[in-house]
Amino acid sequence: MPLEASAAAALDLEEIGKELALIPTSPDLSLGRQKYADECESAINQQINVEYNNSYVYHALFAYFDRDNVALKGLAKFFKESSEEEREHAEKLMEYQNKRGGRVKLQSLVMPPSEFDHPEKGEALHAMELTLALEKLTNEKLIQLHNIAENCNDAQLADFIESEFLGEQGFGISTRCSSIREMLWLPKVLRS
């Protein structure tokens, strides 16, 4: 073996040895964790909580609009699907956390309201404005998570947030804006 090749092989073995030293020996530590900052792990757990809370609010909206004295079945269906989508987001984040070697730490959920009637705006418009605010807040939280990933030089997490969440979040905001604009053109009687 030429001298250059043996030096390269020795260097490769040295680098492998350094990586081997990083493998945890304790059974409660992840073998797959690599360059995953505690700050990123914590931020993912916070975003999981945001997504579950969103799901809970949407589920409350579904229950409200599905009631026989409200009976806006189209909105009920939309909010039920939105609740399921938010739960799927939480689960996707949990799977990512596990793949990166982090620990999922679920937090308490905030109890959403159960009544959404609004005397001036009507319940449908009020509910859509509420969900627009919710989606904008979620977008801000995702941008914060993306910034944390960038500050920690975690290109994998930044790419995951961009490809899986940010584009979809922008679409959700746009959809709600369109729905609100359409509702504003309806007479108040039809909004309730």
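Glycine is no exception: its Cβ is also placed from the backbone N, Cα and C atoms.
According to TrEMBL, E86, H89, E135, Q169 bind Fe cation; the candidate from E51, E115, E120 that the record adds to this site is E51. Using a 10 Å radius centred on the Cβ of E135 (Fe cation binding site) and all shown protein chains, the other Cβ atoms total 22. For E86 (Fe cation binding site), the number of other Cβ atoms no farther than 10 Å from its own Cβ, over all displayed protein chains, is 24. Cβ proximity to the Fe cation site centre (mean Cβ of E51, E86, H89, E135, Q169, cutoff 8 Å) flags the following additional same-chain residues: V50, N54, E85, T138, F165, E168, G172.
The Cβ neighbour count for H89 (Fe cation binding site), using a 10 Å radius and every protein chain shown, is 23.
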